[in-house]
Every structure is written in structure tokens, then in C-alpha cells.
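A.B. asks: Quick one: this structure, given as C-alpha cells, is what I'll be asking you about.
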């Protein structure tokens, strides 16, 4: 194996792993050669009210697009997360809640979660929620959010979770697009020691948008703030409604292809895009990927640091883990509050075995230095995961060495809101690891690299990442706009699902995600992935974070414009700029030499931590009057600072 450092599967990991290398190869072969047999068998991993007899019925034919899995089966997602476990593990912890305040935590058993879910399902029915209705959930990371999602699933309502950091405008757009008449929120959320005015934002959203026809707003008391505005007749207190609700509620029988939830992806421009996931295939896929990718064994304590407002929170805090009877940790706070040792403290406090987090969080801790883990042992950890964007090798190595004590394999998972679950990732007992590579496809997933004309490229190469055939967790449509679904994902390369990402494949068949295709630079006719240049910059010991975009260049077509955030204590200078240019030349080659370096106090990020390169491209091109939708920015002030300090006016 090449491509720099390789971490072979250790004997200890291999011994306890669910799948070894030869098993992975055989299972993968069957999954693509005979998907009906493979998924027919693995579809039985969840409980069916009426078993399916049909497995896969899908075609990527552009004129006849159809994606259906287990289509004659009947099931209920909440029953698969709760009821099926009551006999064997009713008294086992289902959710460990860790509050924003480190002194606040509690364990919720499967039986308690079942009873709360049934009660709230009855509350929703009493308020007029019916099967097929869209319920908007705008909540903090608390147990009641999990209850709300599961209660919707129990009665066949479609939940639409909107991240609690989104603005009233963004919330309003999602309520209107989903034709949602019911909103569940909290008086306030707590995050990093600050109160987030959720109820106030809901009120603003409903005033802001004339088309928002909301009948009921159910409000959970999180902070007990009695100053929140109240609209009699519309607003209802969660606690009052739950007092007399019955703890028995029969799960609604759902066809496998009935919708389970929708989740809006920001899309760089245009109307919100409501990604719709259905019940059967999604549950099979979320549960199976959770078990195999994280090598989950009974009793493991599993912590995914995502938010319910993102697909990672849906698939890998809630549905996947609970379907598997797992112990899942629900974290209200942020990794650096009250200080940067919090992540290590939570791991030690709850004896976390599996940690799944984002490169953004890892790089933020890296910038603080290794001392951020002082006073914590993290000795319980046996597996680490990464999600959200490609992880640069330097962050991978730091994560492995500092957080994982050099003993935990890292599963670098590549997937999307649209895919429902992980598509490319190592299985820890089967695949040797290369820092920065998502490695190999999961069962049933057939990735390919194509050129701009759609020709499939073989062997060691680089191109546009497509998937050649359907898998059970795949989205079925964009809510209310099937034509946009077909156009967005299936029109670029006919007969293939286009991911929008670029990738390279090395001589071992490993996939390396190079970033969104619009994040590929064409410098003097050479293709350069921005992730590659960013990786090189972040490898420099004075650089905390870097973002790379193209800008119009008279000679090269595109020049390389770099935004650099320095490590605490380092000072910007012209000498350091020259040093960084030489560093990149050394790491990648002269073709990758940055043309412009701008010092950045921070980078514009969405609330899920993704860098908004679209905005950085506009600033670099001096088009800051055309920034487009900035409602998803975590800190809009960063943009103003970058515009005022732009490297050339």
C-alpha cells in the first residue's frame, strides 16, 4: 500500500470485529452482484408488521426514474427503536443526556423513552396531527427532541427538524415549503453557556411569513423563562399536555415507502431543498451502517456529537443506534465549553467507547494544543469516527494520537443528507486505514469516477464521484418538487446518481474525497482539489485553519486565493506569507502555489461547521455585493471582517 502512512488493522481490533477482510469482500461482492438476496436477508434485521416479499425495485433511467425498497412491507420506525427492545432491554439505558452545564446529566431507559414517546404521540393526535402531516421541530439537543421525532414516526407524521441555530427567516421558509401546521419548540435552548431564543424565533418566523399557516405551537420548558411571548389558543405547554396523556399508543402501520422525515439541505442558492426519506429502506440502512461501520457491540457507549438538525443526528444519534438497542449519548453543549477539555471530560464521565465527530471540531481542538486533553484519560475509547467533510491527514493523525491515545481506528465516513447513511467508509476490522481517505464502499454501494462527459474512468484516477445503482437508504424525492430531484441528481450523468463531489481513487482502490466539484480549481489547465491545498496549509504548525478558493486570474484562468487563520499566539507577517507559499510548493508542487494569502480572524461557517466557500469565492472575486443567502451563517460578522480586510481592493 502507498499514499503515505498506512495503519493496518490491529490484532486486537480484528479479534473483536464483526467483519474481517475476507468477510467484507464476500459480503460486498454478493451485495452488488445479487442485491435482492443480500438485502432480502439483511432487511430482516428490523421488525416488520407485514414482511416484505419484494426487495429492490429501482431504475436510474432518466425518463423513468424509480427508487423503491421492500415496497410491500409494513413497519413502524418508532416500534423498531423502542417496542422491540422492551422485553430484553427495557431497563437498559437508551439515551445518556449530557447537558450544556457539565453538572447536568441523566440516563433514560428504553422503557422510559417508550412511555414518553407514546404519551407525546397521543398528545399530537389530540392536537389534530394525522398520518402524512408535516410537523416542524425546532428544538435544542434535549431528550424531548428525540421523543418528538419518535412520536411523529409512531403516528405516521413526517417530521421536519430545523436546526435550532437557524434564523427566523430560514425557519419560516422551511415551514412554508413543507406546508407544516404544527411546530414543536422550546422556550430557549442552551449552548455554550448562552440562551438561544427558540420560541422568540418561532414567533418571528410566523409573523415574518404570511404563508405560514401554523395551527399549534407546542413549547417545552428548557430554561423556564416565563418572559417568552405567548399566543393563547395557538401556543401550548408540553408539560401540561403530557400530564394526563396515556402511556400506550399503538404504532401506525406504515408502508416501507411511506415518508418518515424530511430534512432541508441549504443548497448554495435557491429555495430550500426538502430531502425526503421513507421508512423501510432508511431504517434497514441506518441500522446496518451503524452496526458495521462503528463495529457496535451490545453495551458499547456511543457518542455522535452531531445535532438532530442534521442528517447525522437523525441516522447516527437516533434511528440507527436505537434500532440496534444501543446506548446513545445526547450532548446539548459544544466541545469547547466550559473549556476545551470538555470532549475528553464527557468521554471519561460516561465511559464512551465510540466517538463520532467532525473535522471542524478536531481542528478547533488542535488549535488549542494537546493540553486541551490534560486531566482526561479517554481510556474507554476503542473507535473514533469522522463526518461532515474530508478530514485532512494532519487532523486525522492528531485525532488518532491525542484523542484516541494512538490505539483507536478511525472510520472516516463519506455520505450526504441525500444518502440517508454512510456510503464510503472503512470497516474497522476489515480495512487498513490511510489518513485522509474514506477508503472503500459500504455493502451495496457502487461508486464510480467519471469524466465531465460521463465516461467511467478505471484504475488509479480522479474524477466526478457518482453512484451507479440504488441502495436502501437513498432519498426518494425533493418534497413537493420531484422534477428538481431528477434534475439535481440524475441529469448531469444519465443513468447515474451524481454526488456533486469529486474524488480520486488510488492504486489500492481507496477513495479520497477531494471536495465539492465546484471546489475544484482549474489552474493553467491543471485540476486541483481545494481540500488538497487546504491540507497542505493546515500541516504547517502555525496554521489553525485554511480555506482555498479560485478567483479570476488574467493569465492562469483561475488563481489560488487562500484564507488563513493562524494558531493562537502567532502573528501575521509578510515573511510568514512567503514561508507558506514555499511550504505549499514543497507539499504539492509549484502548480499549487497560492497567488494570494489573506489573514482571516475566522472563516464563514454554517451552524453545522461547514465552511461556506461560496461566500469566500465572492469575496475573493470582489463580488461581495452578490453574496446570496447568508441566513445559515453561524457568525455573519466574520464576513464583514473578511470584506474589509480583503487582500486586494
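Here the Cβ of each residue, glycine as well, is placed from N, Cα and C on the backbone.
Sharing the features that Swiss-Prot gives for it:
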BINDING   191, 192, 193, 194, 312, 336, 524, 585  CoA binding site
BINDING   388, 389, 390, 412, 413, 414, 415, 416, 417, 501, 516, 527  ATP binding site
BINDING   538, 540, 543  Mg(2+) binding site
MOD_RES   610  N6-acetyllysine
A.B. asks: Between residue 417 (ATP binding site) and residue 193 (CoA binding site), what C-alpha distance do you get in Å?
C.D. replies: 29
A.B. asks: Taking Cα atoms as reference points, rank the binding-site residues 194, 336, 538 by distance from residue 413 (ATP binding site) and give the first.
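C.D. replies: For residue 413 (ATP binding site), the closest Cα among 194, 336, 538 is found at 538.
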A.B. asks: If you count other Cβ atoms within 10 Å of each one's Cβ, which of the binding-site residues 192, 193, 388, 390 has the most?
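C.D. replies: The residue with the most neighbouring Cβ atoms within 10 Å is 390.
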A.B. asks: Restricting the comparison to the binding-site residues 191, 193, 390, 415, 516, which residue's C-alpha is spatially nearest the C-alpha of residue 538 (Mg(2+) binding site)?
C.D. replies: 390
A.B. asks: Considering the binding-site residues 336, 413, 417, which residue's Cβ sits among the greatest number of other Cβ atoms within 10 Å?
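C.D. replies: Within the set of binding-site residues, the most crowded position is 413.
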A.B. asks: Starting from the Cα of residue 415 (ATP binding site), work out which of the binding-site residues (192, 193, 194, 336) are within 10 Å.
C.D. replies: none
A.B. asks: Specify the nearest of the recorded positions 516, 540, 543, 610 to residue 585 (CoA binding site), where nearness means the distance between Cα atoms.
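C.D. replies: For residue 585 (CoA binding site), the spatially nearest of the recorded positions is 540.
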A.B. asks: According to DSSP, does residue 390 (ATP binding site) fall in a helix, a strand, or coil?
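C.D. replies: Coil, per DSSP.
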A.B. asks: When a 10 Å sphere is centred on the Cβ of residue 585 (CoA binding site), how many other Cβ atoms does it contain?
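C.D. replies: Taking every protein chain into account, the count is 15.
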A.B. asks: Which of 191, 194, 516, 540, 610 has the fewest nearby Cβ atoms, counting only those within 10 Å, among these recorded positions?
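C.D. replies: The recorded positions 191, 194, 516, 540, 610 were compared, and 194 has the fewest Cβ atoms within 10 Å.
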A.B. asks: Cα within 10 Å of residue 540 (Mg(2+) binding site): which of the recorded positions 191, 312, 336, 390, 516, 610 qualify?
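C.D. replies: Checking Cα-Cα distances against residue 540 (Mg(2+) binding site), none of the recorded positions falls within 10 Å.
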A.B. asks: Which whole-number value in Å describes the distance between the Cα atoms of residue 516 (ATP binding site) and residue 610 (N6-acetyllysine)?
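C.D. replies: Computed Cα spacing between residue 516 (ATP binding site) and residue 610 (N6-acetyllysine) is 12 Å.
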A.B. asks: Through the lens of DSSP with three states only, how would you label residue 192 (CoA binding site)?
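C.D. replies: In the DSSP reduction, residue 192 (CoA binding site) maps to coil.
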